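These come from Swiss-Prot:
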type	residues	note
ACT_SITE	Lys65	active site, proton donor
BINDING	Asp15, Lys36, 63-72, Thr127, Arg189, Gln198, 218-219	substrate binding site
Amino acid sequence: MTDLAARDRIIVPLDVPDVEAAITLIDRLPEAQFFKVGLELFVATGSTVLTILKERQKKIFLDLKLHDIPNTMAGACRSAARYGVDLLTIHATAGKPALEAAQAGAIAGAAAAGVQPPTLLAVTVLTSLSQQQLTEELHVPEAVPNYVQHLARQAEACGIGGCVCSPQELVVLKTACSDDFVRVTPGVRPTWAAAGDQQRVMTPQQAIAAGATYLVVGRPITAADDPAAAFQRVCEELTP
């Protein structure tokens, strides 16, 4: 995927409360190709927003971060795959049986609907978590990069197609996982934007150089007075 155009690498999150707000943002970003639908919008609208995106021929990152027992994971991924989404998140810490069940469910659901199966992405360590929180609150003694590497390797061994990780962990994943393993990176902020509430951030250009396949860029675009101009500005940062 190294030949992807800049605009195809940028995923814009629809972090809005309802369909009307989602449509407004989508239509203000005609050049954006990939949109993320997270928990807030999906719980509020169900599949309606997915249908709207498909009608506009946009790609969909369904970011539900599923985490449950294997049978439930299989069923949820089977149902999600029927919508024809491109990326779907599951928690890497759900364990190997759940990861394998999720992959099987996604393949079965897509086949039943006659669509391509989504690439499942294992969520490793949330970018809002610091090393101190991981150690003190979650009692995980591993350093963040080592823990991410372990979770990503395990996910790929279970047939999962990619992972979500912060930019700083991209370097260790270059050797830990195959070249085909998709790396989706939030915690990306252009040089002209503030870091916000994410602890481990990097510029778009730095993240791509470190091995990211896709970048999730939210508030620098969506909160801008002119989202289309901000989107173009991020694209220009990625264009040599």
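Glycine residues also receive a Cβ, built from the backbone N, Cα and C atoms like all the rest.
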Original post:
Helix, strand or coil: which one is Pro70 (substrate binding site) in, per DSSP?
Top reply: helix
**OP:** Take the C-alpha atoms of Gly218 (substrate binding site) and the residue listed as 'active site, proton donor' and report the distance between them in angstrom, rounded.
**Re:** 18
**OP:** Using DSSP with the three-state reduction, classify Asp15 (substrate binding site) as helix, strand or coil.
**Re:** coil
